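**Q** Structure incoming, see below.
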């Protein structure tokens with residue numbers, strides 16, 4: 001296709017590490033530009049949105065008792081409040097790609113946080129279930145957009161040698177937000193917790209005014225001077241951006257000649273591979289049991305006779321460590337190996353958890369079943385955060401050509417949130433039907449996911465976005 005237009009960047013004649021005088025630019029061991037202060041700051045602003053999403057996920061569990069007592073909610077009403085975040089996510093996901101394409105990555109993040117801030121304030125000042133649910137729905141809408149836009153923005157501003165690590169910070173900050181909210185929410189009033197949840201949203205809303213727009217989005221909007229200025233700001237004033245700018249410009253011009261963006265264009269033969277990979281990764285990320293473990297961790301522990309508060313906090317803290325480990329290895333070992341390890345671990349975690357409940361049905365020793373369930377949950381959650389937690393979002397942000405990023409992003413994001421809702425909604429029914437069978441079903445799905453990753457998912461490490469999207 002476009003392989004002839006995309007060329008390799010020349011290696012700069014600089015030292016192994018260090019910075020040039022006057023430039024806050026760092027170089028890797030090959031002498032290639034790695035990151036600048038602008039890229040670091042832009043990344044911190046972007047991932048504050050991931051922290052905000054993590055806070056939303058971790059809010060409902062510790063707030064349950066306080067909200068139900070203060071507002072007189074029934075268990076069914078609180079279940080609606082807890083799960084409506086996913087409904088909002090579906091709504092936000094449906095327009096995430098188009099919003100990022102039409103308004104730009106920065107603007108999409110800013111608008112999303114307006115929804116989130118409004119939602120958190122509605123929860124803070126709510127007097128009944130209606131305002132509580134409306135607030136949670138708005139937070140979900142904003143989160144649905146952020147889940148797509150943040151990894152997309154990070155992949156488009158980073159250089160190929162650190163793109164995976166920077167985009168993986170989305171998962172790390174999500175885990176941090178979830179853990180901190182869970183712990184603090186157990187100690188303070190639920191209204192105060194909601195107010196704290198709005199803080200990272202406000203920080204990102206302010207921060208987007210001080211970071212550059214994605215150069216690749218600017219190239220698509222036919223603003224060459226602004227595009228080059230943004231790229232130079234990201235790479236450093238004295239950096240040679242000529243080759244990278246040419247590659248981006250040529251590729252953008254090429255994709256604009258192919259076809260106009262639109263949902264139907266996704267199903268053309270040339271896009272079947274990225275579409276299959278994107279949809280498959282999002283489906284297997286969710287239907288392998290994630291929300292069954294994530295939203296019902298306390299319930300699973302209690303059902304197996306293990307202290308829920310101890311188990312939940314342990315899982316939340318260890319998730320941060322495992323997500324950080326994934327960041328360190330993603331640009332060294334590659335995406336596929338981490339995905340395969342992660343999928344295998346989640347499959348094993350489901351088998352162990354299912355086995356614990358199977359033994360419980362046969363009235364096995366309670367200490368044994370409790371030990372097995374904590375091992376199973378830990379194996380699943382920690383394995384998930386090494387790869388499946390963030391890498392599918394990274395790969396989706398890398399493989400879709402610029403002309404279908406909007407429609408493709410909206411579709412896979414919508415499928416992700418819809419799959420998430422399906423698991424959240426059906427988990428309790430499946431668990432009541434057969435607790436052990438539920439986790440064995442998740443294990444089977446995980447095994448199919450391993451085969452899918454091994455056969456169809458490409459390795460994207462060390463390649464520019466233009467190289468990936470011309471394959």
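Each residue, glycine too, has its Cβ placed from N, Cα and C.
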**Q** When you get a sec, could you say which of 241-266, 371-396 is annotated transmembrane segment by TrEMBL?
**A** 371-396
**Q** With TrEMBL as the source, which of 166-188, 212-234 is set down as transmembrane segment?
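**A** Result: 166-188 is the stretch TrEMBL calls transmembrane segment.
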**Q** Quick test of the contact rule: Cβ under 8 Å, at least six residues beyond the ends. What residues does that give for the transmembrane segment (194-211)?
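**A** Apart from its flanks, the transmembrane segment (194-211) reaches 38, 41-42, 44-46, 48-49, 51-52, 55-56, 59, 63, 106-107, 109-110, 113-114, 116-117, 120-121, 123-124, 135, 139, 142, 177, 181, 184, 188.
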**Q** So which of 35-55, 75-95, 275-297, 309-330, 337-359 has the most C-beta pairs under 8 Å when paired with the transmembrane segment (137-154)?
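**A** Stretch with maximum Cβ contacts: 75-95.
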**Q** Mean pLDDT over the domain 'Major facilitator superfamily (MFS) profile' (42-461): what is the value?
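**A** Mean model confidence (pLDDT) across the domain 'Major facilitator superfamily (MFS) profile' (42-461) is 87.
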